[in-house]
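What follows is a set of notes on a single structure, which appears directly below.
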């Protein structure tokens, strides 16, 4: 049965990911400020870029000031802005991945960063006019769409610049997003007190724009010759070698004798006349002079169309696993400052500090679990993350009932660490299961789970929260309004 016209267009859009850079632009990207470009230059730029974008994780600091500015009291409406933002973020990331691959991370970063900051200015207008709809549209929709494009820009670039460390490269590219809450959570309150809420959004938006534009100008894809046959990669006594490298070195189809993703434990490469891979420093393509004691791992030669990959049980399972990993983190992040103020009776300044430190644990989780997954594997890493979330969510009701503040901090920060790890690990997991073909489309579509978790989880939490307060007579300080939600969040994590 032939694919429909619409599906053909979708597959063509996601399948065509060749960079359309001109010879002039490629040549220009070889240098920066008159000096040869080094791949490590992109790492700090990506970290700072993502940290600014990660300021969205500090949104809970704005909840109370915005409600008071627009309604005169705490109406619990401002948190909805965060859910809209995350929904638009995931939507943009899922749709614009192939466009980024064709146009490059620099253009994507400039456009995405501009949208993100423009959304701040629209939100400022909404606060000035006392219109929550404009706040929803500005920071929720416009900034959210910009964030989606910003989020995937450095991921795509770093994955290409660091192919030998896919987990580390992915973690490095997203850990900055996690640290945004740490850096930005303490900025708003002093500004609000000094210049007012409206001006705070204007100043923050302008400052962020300058930083984002500077970082985006550093982004670029590797030159074409980096994608040609290069030497193999040694890591922890294991030789990682592609079938292209083997075919290139042997001159025939020897690689067909090795199963997909297979290994050769004795260091012998079939088809090379008994040649072996020597120790580090030997001839990696056979006839090496070192001791043939390295394990050889061949990258899987997976050749699936986008439709075939999307319809596999593996992709469906990965999607549900990723979704389960996100829900609790997103819901709690949007309400963290409120929890500190209402349940644990802390000041707004203390709550901002908690949100800031929480961003640090988000950062640690992204980098730690992505690097750990290079050692123990992607699936075991997710088992650890989801298992941690289940345990934490199971004990949080007891912590809230006893109002044990320090136990609350330990639990929330640990949960956030596991939440962040999911983002750091998923790009390399996709590569491992489905190869390099369609990776942009598969990753982009997977990020719709971010939208579902943010919007769906946020709406369900808010409905239960409001019902318990308005119908059952609880207050914002009652542990029950949060504990009831922890039960279904725990079930989601266990399902993953």
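From the backbone N, Cα and C atoms, a Cβ is placed for every residue, glycine too.
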Annotated transmembrane segment segment (source TrEMBL; candidates 316-336, 337-357, 358-378): 316-336
Quick one: which of 6-32, 195-221 does TrEMBL have down as transmembrane segment? 195-221
Given 316-336, 381-400, 406-430, the one sharing the most C-beta pairs under 8 Å with the transmembrane segment (442-465) is 316-336
Ranked first among 40-60, 109-129, 195-221, 381-400, 406-430 for CB pairs under 8 angstroms with the transmembrane segment (80-97): 40-60
So if I exclude everything within five residues of the ends of the transmembrane segment (109-129), which remaining residues of that chain have a CB under 8 angstroms from its CBs? That is, six or more out. 49, 53, 66, 69-70, 81, 92, 135-151, 153-154, 197-202, 204-206, 208-209, 212-213, 215-217, 219
With the transmembrane segment (316-336) as the reference, find which of 40-60, 195-221, 381-400, 406-430 contributes the most Cβ pairs under 8 Å. 406-430
Top partner of the transmembrane segment (406-430) among 40-60, 195-221, 381-400 - counted as Cβ pairs under 8 Å: 381-400
Please indicate, using numbers and ranges, the residues of the same chain that are 6 or more beyond the transmembrane segment (40-60) and have a C-beta under 8 Å from a C-beta there. 32, 79, 81-82, 85-86, 89, 109, 113, 116, 143, 147, 150-151, 153-154, 157-158, 161, 172-181, 183-185, 188, 204, 208, 211-212, 215-216, 218-220, 333-338, 351-352, 355-356, 358-359, 362
Long-range Cβ neighbours of the transmembrane segment (381-400) (under 8 Å; 6 or more residues past either end): 321, 324-325, 328-329, 343, 365, 369, 372-373, 407-408, 411-412, 414-415, 417-419, 421-422, 425, 429, 479, 482-483, 486-487, 489-490, 493-494, 496
